[in-house]
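Here the structure comes first, spelled out in structure tokens, and everything after it is commentary.
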């Protein structure tokens, strides 16, 4: 029985057996944990209130909780519930035993066509669900993609996400290598920023580094603004076609998520397995 947001129980830290650390960030740590009551395994994200207040991130955290708690999709990490005490905030998250996609990429340096196409298909399906719910992720990158028991992708870290209001957004956020041109130019943007990120991710998974990576941030900015990237010969023609149709300067010229899911290279190489 998962500790769902729909249950009215108020949790405390005493409801959990705490296991090994799974990761650490600027504002706290994530631990493997088990509910004493029914032995349900979770990841417990422990955040320090003082750090969050010092950085003025209360609003961002509230937004992350509000967004992630309402998303239920097999390729999105579940946020089951949350609680807090005088000094800490605890997020009860789905445990993703495969760890970060970033670590898989580091281990193998680059991924093959099948693995990459499968990830792109899973990610595009999850983002279709997000966009239908008027949520833009804005920070898709290997560090924010976790892996389930069978290697399936789970989008995590909705800290930068936004519920899209009717007015298009202008704040710059996300990771430098993955920033789209419209964010660098501080122009209004829409959900097509996530399509740019899918293109960058697909390139990085197949090549082992992002397409606009440079020795200085100003050079990276320049290359993004000019959409200046080249494919190594190792990248298959079908993948080149997909990536080049996603990494377009004008958001309206990028493929839609539906077109990514129908793209011949994705359909031919994806080995996505759906649950029965």
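Backbone N, Cα and C define each Cβ position, glycine as well.
Of the listed candidates (36, 45), Swiss-Prot assigns 45 to the same ATP site as 22, 23, 24, 25, 26, 27, 28, 29, 30. Of the residues 118, 171, 175, Swiss-Prot records the annotation phosphothreonine for 171. The Cβ neighbour count for residue 139 (active site, proton acceptor), using a 10 Å radius over every protein chain in view, is 21.
Residue 30 (ATP binding site) counts 19 other C-beta atoms within 10 Å of its own C-beta, drawing on all protein chains shown. Contacts of residue 26 (ATP binding site) defined by a Cβ separation under 8 A and a same-chain sequence distance of 6+ are given as 51, in order along the sequence.
The record gives 22, 23, 24, 25, 26, 27, 28, 29, 30, 45 for ATP. Within 8 Å of the mean position of their Cβ atoms, the other Cβ atoms in that chain belong to 46, 47. When the alpha carbons of residue 28 (ATP binding site) and residue 139 (active site, proton acceptor) are compared, the span between them is 20 angstrom. With a 10 A radius on its CB, residue 22 (ATP binding site) counts 20 other CB atoms from all the protein chains.
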